[in-house]
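Asks: What Swiss-Prot records for ASN274, ASN319, ASN357, ASN411, ASN453, ASN533, ASN597 is N-linked glycosylation site, and it gives sequence analysis as the kind of evidence. Residues annotated as region 'Disordered' in Swiss-Prot: 752-777. The topological domain 'Cytoplasmic' annotation in Swiss-Prot covers 1-128, 711-777 and rests on sequence analysis. According to Swiss-Prot, the topological domain 'Extracellular' annotation covers 150-689, on the basis of sequence analysis. The feature transmembrane segment is assigned by Swiss-Prot to 129-149, 690-710.
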Amino acid sequence: MSPLLTWNLICVSSRWYTILCLKNKVKFWLGTRLVHEPESMESRSSPYIRPSPYAGGVHPHFEEEDDRSKLHASALYSERRTSSRKSLRSQKIDYHTTTIKSLWFDFCARTSSHGIPYVATSSFFGRYVWAALFMCMLMAFLLQTYWTMSEYLQYRTIIEMQLQFEAAAFPAATVCNLNAFKYSELTQYEEIKEGFDYWERVINARMMSDSMKPGGDILEAISVRKKRSKSRDQLLFPIDDEDLEGAVYQPVFVRCTCMNMEQCVPNRNPLEVNASICMCFEDVTRGLIWPCYPTSVWTVKKCSGCSISNTCPDPDGPNASKQIAKHNSPLPCLCQSISHHCMVHPKDEIRWWNPNNYTVYSVTEPPTTEITETEEAFGLSDLKDAGAITTQTKENLIFLVAALPRETRRNLSYTLNEFVLRCSFNSKDCSMERDFKLHVDPEYGNCYTFNFNDSVELKNSRAGPMYGLRLLLNVHQSDYMPTTEAAGVRLVVHEQDQEPFPDTFGYSAPTGFISSFGLKTKELHRLSAPWGNCSDTFRPVPYIYNEHYSPEGCHRNCFQLKVLEICGCGDPRFPLPSEEHRHCNAKSKIDRQCLSNLTSDSGGYHHLHEQCECRQPCHEKVFETAYSASAWPSQNFKIGTDCPAVSDIFNDTEACTEYYRQNTAYIEIYYEQLNFESLKETAGYTLVNLFSDFGGNIGLWIGFSVITFAEFAELFCEICKLMYFKGIVYVQKKMQGKEYTSSSLMHIDFLQRSPKKSQPGEDEVSTNESTKELMSK
């Protein structure tokens with residue numbers, strides 16, 4: 001053999017050996033992969049796989065026992081968890097043989113949920129125990145989910161507070177005089193004057209009644225009344241021993257108002273009807289009259305010991321025996337049995353008393369003492385306390401003034417120049433025409449709002465009283481109404497786009513003081529539905545306060561509409577929605593009673609929650625106020641030569657100072673600090689918290705995830721497809737059965753009607769055989 005041939009044989013042998021080695025390596029690699037990756041073996045080598053009893057189930061199967069034992073662990077894993085690799089999803093489903101049960105067992109074998117795969121086990125005990133355990137955990141999960149949803153649906157909120165260090169916008173400030181109207185202007189209207197007269201009589205009667213109680217001092221009570229009456233030329237009474245010195249008394253008839261035998265007050269109008277006739281003590285030297293009693297309690301007696309003032313002790317009084325023994329010259333006298341005071345009977349007839357000209361009238365029959373409808377409407381007859389009487393009179397005054405035209409009501413109160421004497425903001429002068437706006441309030445008359453324009457934003461350059469709003473206000477106390485109990489001004493701090501309500505939210509500042517109001521601002525940010533009920537655009541229709549919406553105005557609007565609906569008239573304390581409506585009449589008993597009943601039944605305009613829909617604004621500013629005061633003006637402070645006191649005092653500094661103390665109030669409104677609090681309402685339990693808790697609960701109790709729900713959705717779709725296909729197959733079979741039956745019957749009918757002749761009996765046999773053949777098919 002040649003060397004070349006030998007070399008060629010060696011090369012060929014080497015190549016074959018190399019190929020054989022590579023082939024062995026491939027076989028080894030395939031065997032190793034078969035052991036560690038049963039899925040690959042399952043999908044590529046069908047001889048190694050034996051189908052599972054359930055759809056999609058696979059079992060490894062090897063020829064040799066040793067190989068089966070080596071792959072025992074992998075076979076179990078493949079049977080329990082990896083059967084989904086060859087499930088009904090990855091195969092073409094045979095809807096003729098597949099059932100819902102097979103789909104369910106396939107789902108249990110491949111689902112990612114915990115516990116459900118054990119429900120499909122072949123063990124009877126394991127199957128029902130795991131099913132019961134899963135149902136218990138499912139109930140616990142549903143209960144926990146109910147609690148979680150309940151927490152979310154409560155829509156709880158939390159408040160986040162943040163302090164912002166920047167200058168806040170200056171608010172609007174509304175100032176009013178505590179005396180709403182000028183008394184000198186009101187008395188020009190007869191109805192209003194009658195209201196004051198009626199209040200005067202009732203107050204006098206109550207004070208007289210209190211003084212005549214055990215322990216009461218009648219002189220003290222009358223002294224108080226006299227001091228209140230002197231400045232207005234009202235009815236005067238003797239008040240102390242000095243006034244009684246030199247007095248000469250005589251009896252006079254007077255038309256008066258009597259609450260009972262002990263309470264009679266002279267009427268200022270002697271011609272007034274519906275008044276009683278009384279007899280009073282009159283001091284002819286001073287024109288004073290006191291006390292008065294009904295004529296029924298006066299009797300004519302013989303008195304001894306009468307003084308030069310024509311007063312005598314009652315002979316039937318407690319000290320009658322001593323007086324008679326001491327004086328032996330009795331005179332005819334008139335005595336009353338209430339306080340046992342007597343007067344010498346005049347020689348002439350007893351005359352009528354008139355506070356103006358003392359005209360004598362003839363005695364007539366006593367007119368009726370019944371309370372008129374007007375007096376009953378005023379509501380003073382049943383009141384005993386002087387404060388309650390005054391408060392009710394103020395309300396009556398609101399009703400009386402509301403009946404006047406709008407322009408007339410403005411003229412009854414104070415103008416801007418009369419009320420505001422000085423004004424400065426941020427150490428600069430104010431512009432009266434530009435910075436102030438008139439606001440007419442039913443209770444406080446003409447009020448004036450500073451910084452009313454919401455398009456202009458005023459800010460303080462610094463904190464403190466020197467850089468805020470400073471106002472010097474003149475209240476004109478000399479022209480106060482008798483029902484005004486305090487002298488001063490009313491202040492309301494509010495947002496520019498809100499209606500001021502001085503009767504509810506205001507602060508009072510007295511005269512003779514510098515009243516300092518330090519402000520702190522809080523910005524509120526509320527959440528809208530479903531966490532809250534706020535709205536920045538909500539407006540009830542109709543709305544009596546125009547565009548200035550606030551919850552307080554909404555409640556008043558609702559109450560006013562309710563009054564208009566039930567009573568046919570509006571409450572004079574609130575505006576009317578249109579000119580077509582009217583305010584309730586102060587003298588109408590029906591109107592006043594209807595309004596009173598509605599207020600009592602509803603509990604006031606803040607309690608009509610069922611009939612009213614009032615929402616809080618989503619963004620609101622709240623101003624907290626700290627009050628302090630100091631005396632104004634100081635002794636050495638130079639007010640100036642422009643003193644509005646009496647003109648003949650010229651440059652009398654003391655007189656000007658006293659005038660300012662009695663009639664002016666200095667107001668300071670400022671920020672204590674140039675920062676504000678921002679209170680923001682946030683959701684306490686959000687949708688993110690809900691999903692987080694829901695995921696935790698479902699993972700804790702039943703071991704589900706979002707993927708598990710997708711698997712259930714897939715199972716549901718497969719069942720629906722199966723049911724749909726089963727229905728189609730059922731309908732097709734039914735239709736095919738009907739067609740086959742009809743064709744068979746037609747064939748039988750054709751055979752029966754065939755014209756072919758046959759021997760007797762042969763036709764019947766052939767027909768029966770054909771029918772049996774068709775039926776067997």
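Every residue gets a Cβ built from N, Cα and C, even glycine.
Not measured: the values here are computed from a predicted model.
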Asks: Please report the distance from the Cα of ASN597 (N-linked glycosylation site) to the Cα of ASN533 (N-linked glycosylation site), rounded to the nearest angstrom.
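Replies: ASN597 (N-linked glycosylation site) to ASN533 (N-linked glycosylation site), Cα-Cα distance: 31 Å.
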Asks: Count the Cβ atoms, other than its own, that fall within 10 Å of the Cβ of ASN453 (N-linked glycosylation site), considering every protein chain shown.
Replies: 13
Asks: Suppose you look only at the topological domain 'Cytoplasmic' (711-777); what would the mean pLDDT be?
Replies: 67
Asks: Cα of ASN453 (N-linked glycosylation site) to Cα of ASN533 (N-linked glycosylation site): how many Å, rounded?
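Replies: If we compare the Cα positions of ASN453 (N-linked glycosylation site) and ASN533 (N-linked glycosylation site), the gap is 28 Å.
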Asks: Measuring Cα to Cα, how far is ASN411 (N-linked glycosylation site) from ASN533 (N-linked glycosylation site) in Å?
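Replies: Each residue's Cα considered, ASN411 (N-linked glycosylation site) and ASN533 (N-linked glycosylation site) end up 42 Å apart.
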Asks: Which residues of the same chain, at least 6 positions away in sequence, have a Cβ lying under 8 Å from the Cβ of ASN533 (N-linked glycosylation site)?
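Replies: Listed in sequence order, they are ARG615, GLN616.
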Asks: Helix, strand or coil: which one is ASN453 (N-linked glycosylation site) in, per DSSP?
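Replies: Assignment for ASN453 (N-linked glycosylation site) reads coil.
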